[in-house]
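These features come from Swiss-Prot:
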- His73, His75, His243, Asp318: Fe(3+) binding site (BINDING)
- His73, His75, His243, Asp318: Zn(2+) binding site (BINDING)
- Arg82, Tyr145, His178, Gln246, Ser323: 4-imidazolone-5-propanoate binding site (BINDING)
- Tyr145, Asn320, Gly322: N-formimidoyl-L-glutamate binding site (BINDING)
Amino acid sequence: MSWDQVWIDINIATMSPKISEPYGAITDAALAVQDGKIAWVGKRSDLPEFDVFGTPIYKGKGGWITPGLIDAHTHLIFAGNRANEFELRLKGASYEEIARSGGGIISTVNACREADEAELFELGRQRLNALAKEGVTTVEIKSGYGLDIETELKILRVARELGKHHHVDVKTTFLGAHAIPPEYKNDSDAYVDLVINEMLPKVMAENLADAVDVFCENIAFNLEQTERVLTAAIDAGLDIKLHAEQLSNMGGSAMAARLGAKSVDHIEYLDEAGVKALSESGTCATLLPGAFYFLRETQHPPIDLLRKYQVPMVVASDYNPGSSPLCSSLLMLNMACTLLRLTPEEALAGMTRNAAKALGIDDHVGVIEVGMTADFCIWNISTPAELAYTYGVASCVDVVKNGNLVHQ
């Protein structure tokens, strides 16, 4: 038997629900890769005979393999920063007050409208490199900092180009309904018409999006407007997701679940009826501990209810310049545990198996199983819990992407 590569002297956190051990763990394990897929995984003692002279053999030095990390919610492509707003918040201004005074998302929109594609690409590349160094092999990138046809398309084109020129896979989400631009301040319905009738068709014509998102909140879009955008996305054949229940309980999550959303994100104010709706529809709940931390929120997502109703919990960075300027997947694992009280295993599942489900790619990534794409990381750790327990020590020693060893 011949394989493209074999890993030995390793432990594997498969994250597969088919294995009853915590983390789906296999200790004293081995893993084989062929044609970019996982060809064999199990105990090293059970490893079939193979051509040891013709097969590259890698030793994990007693560390751990996990699936490649998946950051399922980012706003990675933007220009400028909002450090001034950081100072304002520390002096007592609320996120909502800043947004209503013309700051917040709109200030980043203005910077993105002025930036060209080359500038946005380079900024995005640097941020994607930072995530990749921490073991991220797939990332979702949203638009939403254009709020006009030209800039929304520009951001999505840059996201697609990043995916073509980086080993990290990029899934794109059209978030034209992120905020109401100043020019539509007194006619938000007209802006929704623009998103549906002009922006979305152009996005589809260039194949720039895998999904559509909306910010459903009292400072952004109401339930009726949100449903209009999501329904148009469904009619166009795209997946849907939603920023919901971040600042108040508007019922957006239940509505999105009814429409078959892949995920609802933030959900600090989600109630039991909303959780039940997610459970019944198979919609994921995406937790964004970076925003919770940075905005110094006190309303916690309903973790116990999500467990009770067995809703898949996703952990993501929400990397953005206003509410989560924290470009670190590993920091999110730690915060998910320390701030939101997930277990380390739940947090890691939230950035592997469940994150893949939220992006609709769980048929080929998110767990270590035979037949899945060979996307995995090798960590210099003694237990998978270390990924959430400690922070600041680089422990990702190797990454395999599509069966190819990536030099970090």
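Glycine residues also receive a Cβ, built from the backbone N, Cα and C atoms like all the rest.
On the structure: features taken from Swiss-Prot.
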residue	record	DSSP (3 states)
His73	Fe(3+) binding site	coil
Tyr145	4-imidazolone-5-propanoate binding site	coil
His178	4-imidazolone-5-propanoate binding site	coil
His243	Fe(3+) binding site	strand
Asp318	Fe(3+) binding site	coil
Ser323	4-imidazolone-5-propanoate binding site	coil
Return only the integer: C-alpha distance in Å from Gln246 (4-imidazolone-5-propanoate binding site) to Asp318 (Fe(3+) binding site).
13
Count of other CB atoms lying within 10 Å of the CB belonging to His178 (4-imidazolone-5-propanoate binding site):
26
Just checking, which of His73, His75, Arg82, His243 (binding-site residues) has the fewest C-beta atoms within 10 Å of its C-beta?
Arg82
Set of same-chain residues at least 6 away whose C-beta sits under 8 angstroms from Gly322 (N-formimidoyl-L-glutamate binding site):
Arg82, Glu85, Tyr95, Gly104, Ile105, Thr108
Cα-to-Cα gap, Ser323 (4-imidazolone-5-propanoate binding site) vs His243 (Fe(3+) binding site), nearest whole Å:
13
Note down the number of other Cβ atoms within 10 Å of the Cβ of Gln246 (4-imidazolone-5-propanoate binding site), including every protein chain shown.
27
His178 (4-imidazolone-5-propanoate binding site) and Asp318 (Fe(3+) binding site), Cα-Cα, nearest whole angstrom:
14
Do you see any of the binding-site residues His73, His75, His243 whose C-alpha is within 10 Å of Tyr145 (4-imidazolone-5-propanoate binding site), and which ones?
His75
8 Å Cβ shell about Tyr145, Asn320, Gly322 centroid, N-formimidoyl-L-glutamate site members excluded:
His75, Phe78, Arg82, Ile105, Thr108, Gly144, Pro321, Ser323
Check each residue in the chain of Asn320 (N-formimidoyl-L-glutamate binding site) that is at least six apart in sequence and keep those whose C-beta is under 8 Å from its C-beta; list them in sequence order.
Thr74, His75, Phe78, Thr108
Using the residues the record lists for 4-imidazolone-5-propanoate (Arg82, Tyr145, His178, Gln246, Ser323), what whole-number Å value is the largest Cα to Cα distance?
20
Cβ packing number for Asp318 (Fe(3+) binding site), 10 Å threshold:
27
What number of additional C-beta atoms lies within 10 angstroms of the C-beta atom of Ser323 (4-imidazolone-5-propanoate binding site)?
25
Between His178 (4-imidazolone-5-propanoate binding site) and His73 (Fe(3+) binding site), what is the CA-CA distance rounded to a whole number of Å?
14
Other residues with Cβ within 8 Å of the Cβ centroid of His73, His75, His243, Asp318 at the Zn(2+) site?
Thr74, Lys142, Asp265, His266, Leu288, Ala291, Ala316, Tyr319, Asn320, Ser324
